[in-house]
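Here is what TrEMBL says about this protein:
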- 7-30: transmembrane segment (TRANSMEM)
- 60-82: transmembrane segment (TRANSMEM)
- 103-124: transmembrane segment (TRANSMEM)
- 111-258: domain 'Phosphatidic acid phosphatase type 2/haloperoxidase' (DOMAIN)
- 211-229: transmembrane segment (TRANSMEM)
- 249-267: transmembrane segment (TRANSMEM)
Amino acid sequence: MPLSNNLVFTVAVHFVCICAVGIPILVLFLAGKPFKRGFFCDDESLRYPYHDSTVTSPMLYAYGILIPITVMIVLEGMRAKLRVHETIITSKKLLLRWQVPPALQVLYVMIGVFLMGAATSQLITDIAKYTIGRLRPHFFDLCQPRNLKALCAKPYTYVENFTCGGNATEHQLKELRLSFMSGHSSFSAYTMLYAVLYIHARLPWRNSLAVAARTVVQVALLSLAWYTALSRISDYKHHWSDVLAGAAQGYLVAIIVAWGIAPLFNYKNLVKPTEGGRETTIRPTYQMDLPPNSKSRFHDVGVP
């Protein structure tokens, strides 16, 4: 997601790309109908009581978006203040007659890639939810199927045609069929792991104190994602396999975005044009705090 010389066109293309992923998510949320899966009368996994969410959706999206973006703003501000050699090629063109600072261009790229990955992870989750239509563990408590005794007169009966007789709203009945995969698990896993990888790649210091502080923050972020995932099981919102699949998908998307799309760990093209048009080698930030005459496992990359 680098910035080209035509910044207005580039921003417009990026906006269209995010909309291309975000609009299907909105359509599914507003008008999507999940697959109508039936139930076995003796299925004990669907007889748990209904509980409110420990981590609500507003809480999830608030910390999942705000924490990584705050991390990006703080770290990129530090790098700009310390004048760290940048590994991302920026443009000197104007955006509506305004010279966009390089640090702001980098921040735009980083946040844009992060949001694109988050939308992609959410879309993958929603496609699975609406295609599979797995019933949540509190199905019987919330639905309270009518004529259940008559429907389940014979043991091991699979019931497909039934009507819920409880006081659940239409939205709750729709959500009742969206157990697989866990959206809380996938979203928290993606956002928190991406923040962890971002801190690892962009922290401008590599001394022992900085590494220790970095580790504490990274463990806290991963623990938050872990707690969110486990709460979905204890709240009887998801089966354990829903949570496992959601977390695995979120972690996988975060790794793919961090290594394959975002310029976080790409050391193949660390070359930045100079004023004279010649290219100069940029040293990765992992070498900033190395003592003289020491060697790093990362090497400068030049152009032959």
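Keep in mind that glycine also has a Cβ here, set from the backbone N, Cα and C atoms.
No curator has checked TrEMBL annotations; they are predicted automatically.
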Residue numbers, six or more beyond the limits of the transmembrane segment (60-82), whose CB comes under 8 Å of its CB atoms: 101-103, 106-107, 110-111, 114, 118, 184, 187-188, 190-192, 194-195, 198-199, 202-204, 221, 224, 228, 285
DSSP helix/strand/coil residue counts for the domain 'Phosphatidic acid phosphatase type 2/haloperoxidase' (111-258): 103 helix, 4 strand, 41 coil
Mean predicted confidence [pLDDT] for the domain 'Phosphatidic acid phosphatase type 2/haloperoxidase' (111-258): 95
